Each structure stands twice: as C-alpha cells, then as structure tokens.
Amino acid sequence: MRLYWRVLVINGAVLTAATLALVVAPVSVSRHPVVSEAAVLGFGLFLMVVTNALLLRSSLAPLDRVVREMASVDPQRPGRRLKPPDSGPGRDLVLGFNAMVDRLEEERSMSNAKQLAAQEAERHRIARELHDDIGQQLTVVLLGLKQAEQRAPAELADELAALRESTRDGLDDVRRVARQLRPGVLDDLGLASALASLTHDFAEHSSASVRRVVAPGLPPLSSDTELVVYRVAQEALTNAARHAGASAVELSLTKVGDRVVLEVADDGRGFDVRRDGAGLRGMRERARLAAGDLTVTSSPVGTTVRLEVPA
Amino acid sequence: MRAATSPAPARILLADDHALVRRGVRLILDQEPDLTVVAEASDGAEAVDRVRDTEIDLVILDIAMPRMTGLQAAREIGRRTARGEPPKVLMLSMHDNEQYFFESLKAGACGYVLKSVADEDLVSACRAALRGEAFVYPGAMGALVRDYLDRMRRGERVPETVLTEREDQVLKLIAEGSSSREIARALTISIKTVERHRANILAKLGMRDRTQLTRYAIRAGLIEP
C-alpha cells in the first residue's frame, strides 16, 4: 500500500473512532464547559494522539531502518545490496534503491572500461612514436658517432666513444619505456608469443617457477581482446609474485567451446576474494571490455584467475 | 680476414624505412673490404622485389617496416629458390625480446641484431650469416644457456658436451646475463675472444645454425612450434 494511503487510513481510523466515541458515549459539553467535561475531552484527545503516534510509528519504522542501511552502502566496494523487507513501505524503497545502485555501478564500471581503453590507445601511440621516431633518430646518431670516431683525430676518440655509449644508453631507455607502455610483441607476433615473453620475463625476475601451456589451433581473437587477455595474465602473474609468495605458477590458454580461456593458477597463500582489491577490480573491468567473464577462486593453498572471452 | 678466401665482397641488400638509418648502416658496412651494399629498399615488399632482380648474398631487414614487415619479407625471400640458394637473411631490430629472435629464425633469418648494438655487432653478424652460422643476440643467448643449465641440473639428457674451463666460465657469465663487454672485463680477455667462446659454446651445445637453434628452442618450450 502506498505510504500516502497508509497515513490517511490510520488518521481516518483514529478520527472515526473518536467521532463514534463522541456519538455513542453518554457525554455532553455544556455551553460553558465545566472542568470535568474539559478533563474528559482532554483525555480523549490524548488517547487519539497516542494511538495515532503508535500506529504511524510501527508503519514508518522500516523506512528509518532502510535510510540508516543506505548509508552503509559504499561506492568504493561495489556489489553490496540491501535486503528488501517482505512487505511494508520499506520494500519499495529498498527495491528502488537497489535498482539505482545497480545502474550506478554499471555506469561506473562502463566509464572505467572506457577510460582503460582510452589509456591503452594513448600508450600505444606514445610507444610507437618512441620506437619509430626517437629510436630511429638515436640509431642514426649511434651509427654516425661510430663513423666519426674512426675518422676523428686520436685525441677525440675517447670523447666520441663516451658519447656513443651515452647514445646507446638512451636508446636502451627509449626501448625499455616503450616496452613498458605497450608490449610490441603482442602487436607484431600475437598472443602466444606475448604470453611466452611474459612468462619468460616473470621467470627471470621471480623465484617462482612458471609453466606455460598454449593449446594449438586457438581461434583468432581481435587485437583488443588479445590485449585484455594479455593484461589480465600480466596482473595475475604480478599478484602471484608480489602478494601470494607463490613457488609455482601455471599459465594456460585453451579453448572451451567457442570461447578462449586463460587460467593463471599459483600455489601461493591466497587472499579473500570478497575484498575487491584494485588489481582484481582492474581485471574485472578489462574482462568487461572484451565481454568476458572473470572468476577468481582463492584458498590458503593457492589462487586461480580464470578469464573466458568469446572468440 | 674473410676477404682473402672469397675475393669478391659479399653483396648486401639493406632494407629499412628510415633513410638515415640506411645511410648509417651502409657507411659502416662499406668500410669493410669483404662487404658491400649493392641495393637498398624502404619496405619489405620492395626488398622482395630487389631480391628478385638483383644478385644478392645477404639481406639485412628492419623488423618494423610499412607495407610488408621484415618478418614477412624474410619468409617471402626464403621461398624464392627458383634461381638457386636464396640469400642469407639478417634481422635488424629495436626490440630486445627473445621472441622476436626466435620468430626471426622461424621466418628463415640466421641472425638478429639489436639496433642499439648495431655499431658493435652488425659486421660480425654479417660475417657469421655469410658463413651459414647463426648470430644469436645476447638476450636470447642468456635464455638458451639458462634453459640448458636448468636441464642439466634436473638430470635431463642433454647433448654430451666437453666445454673447456674457459668456455664453462663464459657460459656461467652468460647465464647470469652479462654482456660480452662485461664478460671480457671480468675475465680480462678481448671482446673478440668472448665472441669466439660464445660461438664455440653454441656449436658444442648443438646450436650452430638456425635450424638447430630453432629445433632446440621449440623442444625447450621457449617458443611455440
């Protein structure tokens, strides 16, 4: 029943009861009321107010409770919803509130995904410019210095050799930064090579051993989807090495039906998957970019990150 | 010197989309009596055309080129056998990543030179390629050697090898990621000697040329077949 009608009915019922009481009860009010009559009237009025108050309170209390609960929903930790009461005015309010939180979280996650996509595009552009323009220019300088060194008088040779080493360092830096921005191997050689390179780097910088299984004959993925798979694998490996203290990690890329499945399983100490950390949230948002499903299961003996994407 | 055994200098085709890089590389190669650049190309497709209409012994391909990448061109060039042996192929690249190296081997190249060490390595890589040997770039050398040592530690069957004491020292330093320069300094020997040890080690491990290397890398799971 709508809140308006509920209040109206309660007030109406109390007033009706009072009117009936006036009609039925053997009381009358003289032209100049006496004290006893005023006392009876006053008592009747008091009874009406108390009855009304009790009825309204029991009817509105669920609303107050819902309002208090609303404050406990934290946008930083999405996924929490209020439990709607079985009936009463609180139910509609909770249902409406939950639907709004759904829309908000959806919107937020969409805009995060868009932001991620824009960020990747920008990184791609910068990495390409570093490689194609600055890298080439520095290569020209490097080769030119080598030439100059061979023809220069002896007293300049050391100076030129030092300059050449600086140029080489610069070239190495440009390459390193470009690689951090965007794994060129993914664009040039594809996902399987990029994952091979990722596990190779991982093995080099971590004490954990890593096994990689890439099933043959995987269906081709769009370059955006490949990037999502790559970034999720990267994040999962980082977590395994940095937080889980894993000693063995297995990364696999297989086909299930018409979907491609990435699984990264470690034997680390695990974590509480309900506590949505930034890494986990990032993976979820990336999965959404590729219309994929991300599931993370974790126990004290290991964590498995599984990403399913449509081919 | 190599030139003494083959009087005519090796004919080289140079393909890179950046004209100034081509000029720099050309100046370095033309200085060597046994090497001469006879043609240039600014993309992969043009390189394939030049191979078709010019007598060439060695092709140097930049990996990242418009129209047709260096890797695609390498595959295409390896296929052109109508006029006998296809020329040897060497990749020149910005990418310090062993996957590019292995992919280059699979595409038919016998070596991979990083642009940031082209001033030091390119000439010896050209000579190795012309001899039919693989030029393994240092980053991949580390991966290969580490994998080899891992297998030995696990007691897996590895090719029976007798490395000299010096080669053993060099092998360990390579596995630790040292560059030729650092190894030379650590063992107080010349860089040329280090390079010779490297070549000997590879030969003894059965990874002398690109075919052996590719086979090993696939078996070791360093790349997909």
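If you go along the chain as it appears here, the first residue is 1 and each next one adds 1.
Cβ atoms here come from the backbone N, Cα and C positions, even for glycine.
Listed in TrEMBL for this protein:
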type    : residues  : note
DOMAIN  : B:11-130  : domain 'Response regulatory'
DOMAIN  : B:156-221 : domain 'HTH luxR-type'
MOD_RES : B:D62     : 4-aspartylphosphate
Per-region confidence, the domain 'Response regulatory' (B:11-130) (mean pLDDT, whole number):
91
Where B:D62 (4-aspartylphosphate) sits in the secondary structure, as DSSP reduces it to three classes:
strand
Helix-strand-coil residue split for the domain 'Response regulatory' (B:11-130), DSSP-based:
57 helix, 27 strand, 36 coil
Counts of helix, strand and coil residues, the domain 'HTH luxR-type' (B:156-221), according to DSSP:
43 helix, 0 strand, 23 coil
